[in-house]
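Quick look at what TrEMBL lists:
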BINDING   37, 40, 41, 80  heme c 1 binding site
BINDING   130, 133, 134, 174  heme c 2 binding site
DOMAIN    23-103  domain 'Cytochrome c'
DOMAIN    116-197  domain 'Cytochrome c'
SIGNAL    1-21  signal peptide
């Protein structure tokens, strides 16, 4: 039932999705400044706020999809639902191009980590096959988000949401991947991903 509802929601969003993300990064930068996106996501797209993702270095397809899902209230994430209201498709593409043009910040967790925790996270990532969709270096591709260097607390928040069924992607793949993963395993994955370049 949940998968059917999610599929219907994604199909409902299809008319709003641009054929291709071909935004203008300079216009997007002006929009980001005008809308004060940096207040939460960081001036250079690198967040320093708890549970707020860094956006620098994500693909334009990923940012475009997320903004449209938020604008159309298919993805519920206050206050982003309100903040995305009134954005045209062209403005969404411009914002996406801006964030894609920014270099990712340094790994949120630093590059050094506890060797045992790093090994545990790496092993879990292999078991769960995270690199298949997010690429082996976790930089993301197409509509798959960048995981490398993301805020650890945000990764925990997102992964728990997928596991518990309170968060969905454009399909239920992440919910299935995270099903049965313990809190300790989520913490190990987030610790490892936050320390990737």
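Glycine is treated like the rest: Cβ placed from N, Cα and C.
Because TrEMBL annotations are produced automatically, they should be read as predictions rather than curated entries.
Positions of TrEMBL features highlighted on the structure.
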residue : record                : Cβ within 10 Å
37      : heme c 1 binding site : 21
40      : heme c 1 binding site : 16
41      : heme c 1 binding site : 20
80      : heme c 1 binding site : 18
130     : heme c 2 binding site : 21
133     : heme c 2 binding site : 18
134     : heme c 2 binding site : 19
174     : heme c 2 binding site : 20
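Secondary structure from DSSP puts residue 134 (heme c 2 binding site) in a helix. The predicted model assigns the domain 'Cytochrome c' (116-197) a mean pLDDT of 96. Taking the Cα atom of each, residue 134 (heme c 2 binding site) and residue 37 (heme c 1 binding site) are about 25 angstrom apart.
DSSP gives residue 37 (heme c 1 binding site) a coil state; it is part of no helix or strand. Between the C-alpha atoms of residue 133 (heme c 2 binding site) and residue 37 (heme c 1 binding site), the distance comes to 27 Å. Max Cα-Cα distance over the annotated heme c 2 binders (130, 133, 134, 174) is 11 Å. The Cβ centroid of 37, 40, 41, 80 marks the heme c 1 site; residues of that chain outside this set whose Cβ lies within 8 Å of it are 38, 39, 47, 52, 55, 83, given in sequence order.
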